[in-house]
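Okay, structure first, notes after.
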């Protein structure tokens, strides 16, 4: 598809639904000359965003690489949950590779053309959807293992790998609209942007493509997690399963951090949707408030990609031991120092899979 030019794009098509869509998590273009409300969200913050993106990129690159290394190094004792967490680390690492590009675009505008616009936008979408879908899979796995305390077909590792592959496939399908409609756009008197081009049906399709992915890629998996963890926690507390409860701390922390990072963005996006459909009256003040909120919550969502390894380092005893074991094997720390670290015993559930490498 050729790069988009402003001459073929009508005012109504663009500003008629001048939205912060994109379940893709990135902010809309700032078109000061074509909007009746002067945007106040990005101009003064571009360098703050740039620095934040670069820091998240470096932390995510290091942290998720270490997580993958530890899990793969311990693959002989790798549990079902570890397979899911490995895929989470892969998703976050892939997303981190796009952050330098997004950081540069915040300062200089989108100067990378349409092909790269499509690719990096697709990676962002797939990262988000795969993250919440894999967390939903973990919640179902823990629900079956603890609440029903039975070994199920889902515990077989080759089937778990198939489930992970399926989640990647679903994430890709949910992200296809971004691949199809994203283009480099060159508005007059403004920096180029990476944004949706849907022709004469921009307003209609943008709302459809906002609601459907939000329903199937966020709300439904969130309800699954809520159901599973409510009953899982109830079972743990009723049975006084202290050891299993401690083994679940890492998983609960991962889910909680995901929600803390992404729920604010989705709530702001919901508010923006209500404003676009005139359920909430739109004013210049409210529009700028929404733009600023999306700016801030997007950064919070991006921050998530580097937080899981930090959780593992502070809460996951087995992750710390596994990392020290790798360092000792390569002579980077003494074996005497490793011996001082008592390896925590693996906690076995009825399904044999409550323990994780992390």
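Keep in mind that glycine also has a Cβ here, set from the backbone N, Cα and C atoms.
The model shown is predicted, which means the values in this text are computed figures rather than measured ones.
When Cβ atoms from all protein chains are considered, those within 10 Å of residue 194 (disulfide bond) total 27, not counting its own. The disulfide bond annotation in Swiss-Prot covers 117-194.
Feature annotation from Swiss-Prot assigns N-linked glycosylation site to 8 (among others).
The N-linked glycosylation site feature in Swiss-Prot is assigned to 20 (among others).
Taken from Swiss-Prot, the feature topological domain 'Extracellular' applies to 1-46 (among others), supported by sequence analysis.
Per Swiss-Prot, topological domain 'Cytoplasmic' is recorded for 74-82 (among others).
What Swiss-Prot records for 104-118 (among others) is topological domain 'Extracellular', and it gives sequence analysis as the kind of evidence.
The annotation topological domain 'Cytoplasmic' is assigned in Swiss-Prot to 141-161 (among others) on the grounds of sequence analysis.
Per Swiss-Prot, the feature topological domain 'Extracellular' maps to 182-206 (among others).
Per Swiss-Prot, the feature topological domain 'Cytoplasmic' maps to 230-249 (among others); the stated evidence is sequence analysis.
Mean pLDDT for the topological domain 'Extracellular' (272-292) in this predicted model: 81. Under the heading topological domain 'Extracellular', Swiss-Prot lists 272-292 (among others).
The feature topological domain 'Cytoplasmic' is assigned by Swiss-Prot to 314-358 (among others), with sequence analysis given as support.
Per Swiss-Prot, transmembrane segment is recorded for 47-73 (among others).
A Cβ distance under 8 Å defines the sequence-distant neighbours of the transmembrane segment (83-103), meaning residues of its chain 6+ beyond its ends; these are 26, 49-50, 53-54, 56-57, 60-61, 64-65, 67-68, 71-72, 112, 116, 120, 123-124, 126-127, 130-131, 134-135, 137-138, 141, 157, 160-161, 164, 167-168, 254, 302, 304-306, 308-309, 356, 358. Annotation source Swiss-Prot lists transmembrane segment at 83-103 (among others).
For the transmembrane segment (119-140), same-chain residues at least 6 beyond its ends with a Cβ under 8 Å from one of its own Cβ atoms are 22-26, 81, 84-85, 87-88, 91-92, 94-95, 97-98, 101-102, 154, 163-164, 167-168, 170-172, 174-175, 178-179, 182, 194, 213, 217-218, 221-222, 224-225, 228-229, 232, 251, 254-255, 258, 262, 301, 304-305. The transmembrane segment annotation in Swiss-Prot covers 119-140 (among others).
The transmembrane segment annotation in Swiss-Prot covers 162-181 (among others).
Taken from Swiss-Prot, the feature transmembrane segment applies to 207-229 (among others).
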DSSP helix, strand and coil counts for the topological domain 'Extracellular' (272-292)?
14 helix, 0 strand, 7 coil
Long-range Cβ neighbours of the transmembrane segment (293-313) (under 8 Å; 6 or more residues past either end):
20, 25-28, 41-42, 45, 49, 52-53, 56, 59-60, 62-64, 66-67, 85, 88-89, 92, 95-96, 99, 127-128, 131, 250, 253-254, 257-258, 260-262, 264-265, 268-269, 271-272, 319-320, 358
